[in-house]
Structure formats: structure tokens, C-alpha cells
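Below: the structure, in C-alpha cells.
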């Protein structure tokens, strides 16, 4: 049962409608926001001449700190209050108080809570902004109406208190005292007025930017209730239950005191109201704006009413079955709300406002992304908590509530937590779904969801008393029914979201949940093993259970989150990285001084990465200095007609006035599918081969060479003019020389001659420079690695996962006129996305493809090592070069077989990895790429790696003045072909030199990547040993250790990581062995026979002893002697004896000696017979003095229960220390067990070795035990 939360007395039911979180910070409303909240279009209203001054930032910071402290204090005091309510009142009085306190909370929520959320708060903000008097009259009318409605509701509820308490919320013939509940209801119903007024006054203060009084008011309420409970405990006597007297001192202290706490909460807000000069004088009338919210208000009120029906029915059924049922049901759910409030709500705080904004703006892709993130965060946070609460629920209940008058029912509360813990996951999902529907203005959709939840709960709750074999199990099944109901609600919400949003893309979420669940189960297994090995299960009572559960929690969560970290779950990785940096274990990301001028910043290279090879980090002549990202197209706008960009940009109207700021897109940008090209699938292949010379007009966007390199000669746009700003140089594209420092022209918007509007300006994004953040802040640029034909290559840091990545910026030069066709950025991204399916050491794995407003970013794994130019300048071994290019050729062949290509067209694309492989480090498949062009690129890479020269001439080039990616052009012969590598380096083997040159020939050379790979494999086999002599081909020589292009230092780091992973695998293997050992131990305990000193009847069952034969009748026909008669022996005390686990029903064990056959002690319910989980359970009886027993009489309804009678030397022995003196199988009613004791004993153990079986559920009950001793 969802009771009032700890931090506020206002009710919080199962799935409340989303509220304005306190404190409510006023912000500018967009039309989408008003539509999402159900607000009608704003009417013209006079605007105040002067708005009130907003609080300063320092004040907001102080208020935020105070609110955080107040919230923490409220939760702590609220938890202590709930704990003391149970431990001081006991189960019977606590259930009556819980039911009585539920009534005013539910009425307040129904009368004002939903209305306050749906209607009052939005209208209050509008009234303050629109009315001439600043909303003073509106506040007065609102307070007058609210006070009147709450007062009338309080009077009517008080008049109906006997019906509400005795018929609706409780069963008239149930176990909870209806007279006491009615009396408490009379005393608590006035709190309706104070609950409602305190909530309303908090909302009014929040709109005035006053937060602290409302945050601290619940703390005062909790403190008053704690004081009241202390007075209650010190007041002599007990509450009389038959009859209940309203003049009872303890009854008055409890009822009046709790109401006084709510009054204190409301009254504590009045000084703040007075200080802010808020007029609360009565003023009658209804504001027209409140009427405009009628439709949404009705929907939300109906929502709350339906949800309350399920809650009332659950409380009614639990009260009919168990006197502690309402208290257990309510506090079990409250206990589950603590981790959700601390973890779930905290983690979703950042994502939920963004999700609401995107939903209100009808940005479906962003909503789907946010929904996926919110679901992932919820699962990662809640699944370990759910597993822990399910496994260790009884221990949690005993640790927190095993004190005072509730100690006997603490374990039952813990079992209720175990049965309903899984409900947290669908509960959290339902709240996420509701936030989306409310933000999209679909106010009635949540009503259908809660209707499904309530229907399932009602059906299952009605079946709970029928299914339960014992009345104590009803409350457990009610908690289970709550979880199933929320599961149905989550399924309904997911189906409705799928209908309105399309594909929700939850496959990745499913994989994450699977890994989190497996890690949590592994942690639970380790916790169980540690608990059994160390013997923590022998710790009983509140303090002992608290120590046990604390140690168990640390072990389980440490193992679970450690495994999640090893599994690479991104959110866990981000948390561990942040913690490591805070603790100083991980070097922090470099801090950049970006406050100075951009040109000076980049020119001085503040961010320099360590270069162990001594080569410059960039080419000062050829590498770029700045970059514009991305091209913002005229049609890149959302439904609000405001552009959406991966960064904030300022908009100007056509008149040049400031028109607002665009909100950036979500982290990571928009994802691209591999078939997202308009008009054609992504897997397109350009036909035809490449000639020796690249045509001058070839470009990524289909532009001519002239248009690509010549500056725009037209008059500059006045808006674009930036005085004292140096123009940005053109990038080295590998296809055109650096001929001008001017930027290429932007695509002009065609206009007709009759248009008089100014030419539309293409906004510019941030410049690409070290330290800049791109893709919504996900990636931080580290170093520029050149570019090729409109693509730019950057090394970047993934801020979220703390890993380096390679970024390929598509259309970074803003040359593309549009995104349509095979030449556009969209097509490039779609073709590149297909490369993610290739797993080869010659291709950096494509991790993600992000689509911006124009162009996009390809995210790939970073390849540690050197660039091709750096490696070529070291004059590597030809054999090592062949081995390196062989890996690249293998990747190209895999791409060609899949119908794609790699676009191996520029040396900046390729890096030499730590293992000596040539890797296409910056994927990006252009439109003119095909298999033949890739083969030509393989030959060019091999040629460049051997000779440090580039063998492909670009259009119009001649001589050696130009460089490509830092490499000088090769020397060409009379026929236009490059000089063979053997002429430059005679030591180059013939096969390697030939394949390098022949691959460059488009008409008569090598035609497939497989051929290149095969030839290089044959040429690089230098020392393939046979039985007699090494194999050496013509032109080859034996390999030397330095012929590999592998980096020794990087290989050493890789070996270190491998060793670390090996130790991790060893640890996991040990863990698996422990788990298997526990399973084997469990199987042995189930199927193996007992020890040598086991009772004879157990050994007889497995054939170790012969069956006992009845003695022959005495001569003369004398009857055999009957059971020996004796004198009844009183019992001083009894306790549950359970050496292998938690005691079964320790609170009810006294029923076996109370001389009342109607009361019983019951074991826990087991799904397997003893000794599957443990050998047995028993009752240890302590006699006043040692006695020699002759007979034990046991009254029990559990037919078939196997009993052993044993004597013990102490009150807390081991089972081996006890001595068997008799055994029997119980029948229905009284069973006499004759015993033969060798000596007198004071401690007698009634040991159950076999439980009664009822429908596959194993449980036994004992009503009375009587001991007879010899006279």
C-alpha cells in the first residue's frame, strides 16, 4: 500500500499524475508547453508595467543547498517516524492507525491534490505574469475556494467516518478493530484541511521563488509526530479495544498529536506568506482561466479515483485476513519506495525534463532516444535493488523493524518486501510512460493505463484469500498482485507508446537488462555463499540482522557492479570513471584554456598529445586551423520553425533582429539507419573504375574543382561580416592543392526576381578545434588528423565512456547543396553504417553514425599507433609493409563481398596499429567508391608506406610541389605510371613492388582485393620452416625482429591489459566454481543420507537397518503395556530452534503453551520437503527444573508431520549435542509420543524432520505441546 511519503505528509499513491517538483522554478513557456499541460491558447491580457525582480544566482544557490539538506533531513526523520509507528504501536494498533490515516490522505489527494497539479499551479504562474495586480486577486479567490472545499470535505468525511472506517476501508468482520479505526478517523479527518492548505501555500510560495519554508515544513511535521510517539510510549496504560473510549489518554495523544503535526506544517508557512506580503483575505469568485482546464482536470481526477479504488480494496482484504495486514502492506511498499526515491528519481532527474520538452514539441526521434535512456537508467538502478530485496527481504524486515512490539512480525514484513520487490521495475516504467503522455497533451491515455492496472489488481486481490493456504499469506499475495498490476500497466503503456511513437528501439535496453540481471544474480550467489560460510545466518534480532544485512549488501552490490563494469555497461563505466578521477586513480581529462582568442589558442597548440616518436602532431602547412560545423540547411527546422542543432545557436529574423536561441539536440545527436537515403537504399555502388589521374571535377559533393577552390566573388552578406577575423584556410583534401586561404562558397538559396526578401543566411556552427565538444557534448575533440574530399578526421574523447574514438566529419566544408541523392551526406552516412557489420583488423569498427542538421559524424574505434605518413618516414621494412597492407586488403575484400566498399583514397584515412596492421581508421564511404577504386587505394597505400611518396596524381597537378597528407608526389615515368618502388629502394622484393604498381593500373593490373591479399601473404612468408631447410623465395630474405611494424610500447600495454583480463577471468572462474559447489552441496543435502548418528527411523528409510518387529504377546494372553502415565510438567519458556537459517514464526511460538488450541505456531512455507533446504526446524522448551519425561502430547492439524523428541544439555545447542528419546508421525488432533529418557533434562527439543504436505506446499502447525514426567 503506498502510504504518505517520508518527506511530505501529502499522499503519494501508486501512480500519481506528474507534479511540478518542488521547488517550482518559473521558466518561459512555449506554446508546446501550454498545449502539453492542457492549457488553452493564451488570451490577450494587459501586461504589468514592471515585473518583480528575479532572485539572484547566489540566492538560488543558497536555496538549493537548503532544500537538499531539508530533503535529506525529511527522509531521515520520516523513516524514523514510520519505524517508531510500528515498534511503539504494535501490529494491531498500527493497522488501525494506518487505515485511519489513509482516509484523510486519499480524500485530500482526490479533492485538491490532482486539481493542484492539473489546474492550479499552471494557472497561478500565468496569473502572476498576466494580471495587472500580479495575480493578487487570483490568489485570494484560489485560497478562498480551496479553504471552502477542504472544509466542506472535512465535515462530510467526519460525518461519514463510521461508514468509511467500518465498511469501506476495513472489513466489518475482519481482524482489525473497526471501533479503534473509527475513533482514530474522527481525530485525523480534520487534517484534510491542513494537508490541502499546506500544499496550496507551498505552491504559492514557490511561484514567488521562495522555497525553503516549503522544504522544511515536512521536517517540522515529522518532529512533532516523533514527539507525540514518545509521549504515547511514556503514557501509562494501554488503549482499551473492547470497548474503545474516546477519552482514552493514549488514543487522544495519538490522534490529536498527529493532526497537530499536520497543523504545524501548514502554520509554519504563514510567516513566509506574511514576509512576502501575500494577501490571503477571502475573495469570492472563480477565475475564468480555471474553467479552461476542466477537461484535463476531470481526466486526472478520474485517474486518481480509479487508482484509489485498488488501494481501498487491498486495504479491505488485508484487514479481513490479518490484524497486522494493513500495517505490513503499507510499510512494505513504503520501504520499497526508499531506494526508488533515492536512486530512481535521482537518476531520472536530468532526463525527465528533457523528455517532457521533446514530447511536448512532438519530436518523436528525440522522445524515443530519451525513453530508451530513461528505461536503461531505471533498469540499471533498480534491477540490483530488486534482486537484493527479493533475496534478503526477510533479513531487511528484521533489521529495520525487529524491535519493540513489532519484532514478532518483522520477518513477515520482510517476506512481503520479497514478494512485491519486483513491482518497482514496472512501477518506474509506468511513471516514465505517464510523463510522456502528459507532456504530449494526451490526458486521457494515463486513465486507460491506470484502469488496466486497477482491473488486474482487483482480480488478483480478490483471489488472494482463496489461493492463500493461511491467512498470514494474504498480505504477501496482495503485494504480488500489486506488482502484476503494474506489469500490466507497463505493457499497456508500452503498447500505446508504440502506437503513437513507432519503433521504440528497446533491443539495446534488453541486452543491458540481461547483463545487469546476470550480474545481480551472481552478486546474490556470492552473498549467499558468504552468508553460509561465515555463519551470518546465526545473527538474530534487530541489531544482529542489521549487521548481517549490511555486510551482505556490501558484498552483493560490490560483486554486481564490478561485473557490470567488466561487461562494459556504459552508465556504470561512466560512474566508475568519474569516481576514479575524483579519487585520483585516473588522470583527469586535460583542461584547456579556451578563454583566449581562437586563433591564438589553436596556433600555439595548447592541447598537445604525447608523441613518443618525436614527430610533429600536425603538419603546420597542410593541416587545418579551423572548421565550420555543420551546414545548417534552410529546411532544418522543427515544428516550432526553430532550427535544431547539436549546439546552441542564435537565430535572427530576416530583419536582423535577435529571434531566440535554439535548444541543442540530445546527447549524441540523431542516429542514422543504413537505409536512410532518400530514394535509394544505402548499399549503392558506383560503377566504373578510376583512371590514373583523378578528374579535376571530382568531389564529395559533386562540385567542380573551380567552384571548390575559388572564393565567392559576390558581395558579402552584411550579417556574415566579422571585422578583424582572419579567413580560415582550406583543408588538404588530397585532391586539390591549397591555392587560396578563402572558405569555399556556401550554397545559395535560389530566389525569383520578384522576391524582395534578403538572401537567407546559412548559420555556422562551432569551429573544429582541440577542446571543442560535438554531437551534443558527447565527444571532445583532441587532435586533427587531416581530411579527404570533404571529410575531416579527428581524434576525440568519448566523455561518457572515457575512451578515445575516431570521428569522421561528413561535409565539414559545407559544400553539399542538399542532402538528397547518392552524393549527399545522408547517403555517405548510410553507406558507412553498413561497415559496422564487418569484423576485421584492417577496419576500425564503426560504433555509431550521428546525423546533424547538415552532414554528420561517423564514430569509430580509435586505432592506437602511428599515421601512415609517420610510419613511412621511418623507412619500414618492405616485408612489414606488406604484412600491414595485407590486413587492410582483407577488410576490403570482406566489404566487397557484402556489396560495399571502403573508399581507400587518402593516406590520412589509414593508420598503422600497435600490432603492425594497416587500418582504415576513419571510415566514410563516398559515392564514387567501388571495388576497383579500393584496389587502387591498396596499391597506393603500399607504395606510400614503402617509399614515403603518394603515387596518385590529382587533376591538373604536375611536379613535386604539392603534397598529399604530408607525402610528396611520386616520380612518374614517360607513360604516366609511377616509378616502381624497387628503383627507389632496391631491397624491396619483386612481388611487393609489382603488386604496388599493378594495383594502380585500372585497365590491365590487379583487379580484386583478394588478389592483393594473396600476393602479399605469399611475399611476407619469409621464414616458413620445413623439416630440412627454410623456404626462401627469390628476392626474399630472412625476417629480422624489426621487420614488423608493431609498436613495442603499445604491445607491452596490450600484454598488460591481457594479463589483467586473465586475472579477472580467473576470479570469475573461482566464483563459478563456488556457485557450482553450492549447487552440489544442495543436491547432496537433498539426496544423500544423514550422518552415522542419525535417528534409526531415517536410516531405516534408506535400508541401513531392519524394521522394528512388534514384541510377541505375553504368555497367557496378557496385553502389552500401554504408554506410561505421568505428571504434567509446566514449561517456563519456548523458542524456535533453527540452526541453519532464520527462525520460523518466532513471534507465534508462545501459542504452543498458551492452553488455547485455537492459536497455533506455524513453520514457514517451503516448496520442497526437508532436508532440501535445511535439515529441520523445532521448538526448544525450557522446563522449570530437570525432569525425566515419559510422554509428550502434541496437538496439530498437520497430518504426516514427522517429529523427534530430543533432550539438550543447553538452551542453544547444536543438533549433534542433542539426544533422541522418541519420534512419531503426527495424526489429526492429539498425538501421544512415548519417550524413554535415560536421565532427567531441563531442555527438551521438539524437532520437525518432515513437514506436512498440502497441495505441494510443505508446512506444519502445532497448537499445543504437553510434557509428562514420571511421578
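Backbone N, Cα and C define each Cβ position, glycine as well.
Any TrEMBL annotation is an automated prediction that lacks curation.
TrEMBL has this to say about the protein:
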- 23-32: compositional bias 'Basic and acidic residues' (COMPBIAS)
- 675-689: compositional bias 'Low complexity' (COMPBIAS)
- 1-59: region 'Disordered' (REGION)
- 646-773: region 'Disordered' (REGION)
- 110-129: transmembrane segment (TRANSMEM)
- 141-164: transmembrane segment (TRANSMEM)
- 216-235: transmembrane segment (TRANSMEM)
- 251-273: transmembrane segment (TRANSMEM)
- 293-314: transmembrane segment (TRANSMEM)
- 334-352: transmembrane segment (TRANSMEM)
- 373-396: transmembrane segment (TRANSMEM)
- 416-436: transmembrane segment (TRANSMEM)
- 448-468: transmembrane segment (TRANSMEM)
- 474-497: transmembrane segment (TRANSMEM)
- 509-530: transmembrane segment (TRANSMEM)
- 1063-1084: transmembrane segment (TRANSMEM)
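Taking Cβ pairs closer than 8 Å, the transmembrane segment (416-436) reaches residues 14-15, 17-18, 328-329, 332-333, 335-336, 339-340, 344, 348, 352, 355-356, 359, 367, 371, 374-375, 378-379, 382-383, 385-386, 389-391, 393-394, 396-397, 446, 449, 453, 475-477, 479-480, 482-483, 486-487, 489-490, 493-494, 496-497 in its own chain, all 6 or more past its ends. Within its own chain, the transmembrane segment (373-396) has Cβ neighbours under 8 Å at 335-336, 339-340, 343-344, 347-348, 351-352, 355, 411, 414-419, 421-422, 424-425, 428-429, 432, 506, 508-509, 512-513, 516-517, 519-521, 523-524, 527-528, 545, 548-549, 552-553, 556-557, 560-561, 564, 569, 571-572, 1142, counting only residues six or more beyond its boundaries. Ranked by the number of CB pairs under 8 Å to the transmembrane segment (216-235), the listed stretches 141-164, 251-273, 448-468, 474-497, 509-530 are led by 251-273. Long-range Cβ contacts of the transmembrane segment (251-273) within its own chain (Cβ-Cβ under 8 Å, at least 6 residues beyond either end) map to 9, 89, 97, 100-101, 180, 183-184, 186-188, 190-191, 194-195, 197-198, 201-202, 204-205, 210, 213-214, 216-218, 220-222, 224-225, 227-228, 231-232, 235, 239, 244-245, 280. Within the chain carrying the transmembrane segment (509-530), a Cβ under 8 angstroms from the stretch's Cβ atoms is held by residues 372, 375-376, 379-380, 383-384, 386-388, 391-392, 536, 551-552, 555-561, 563-564, 567, 569, 1071, 1074-1075, 1078, all 6 or more beyond its ends.
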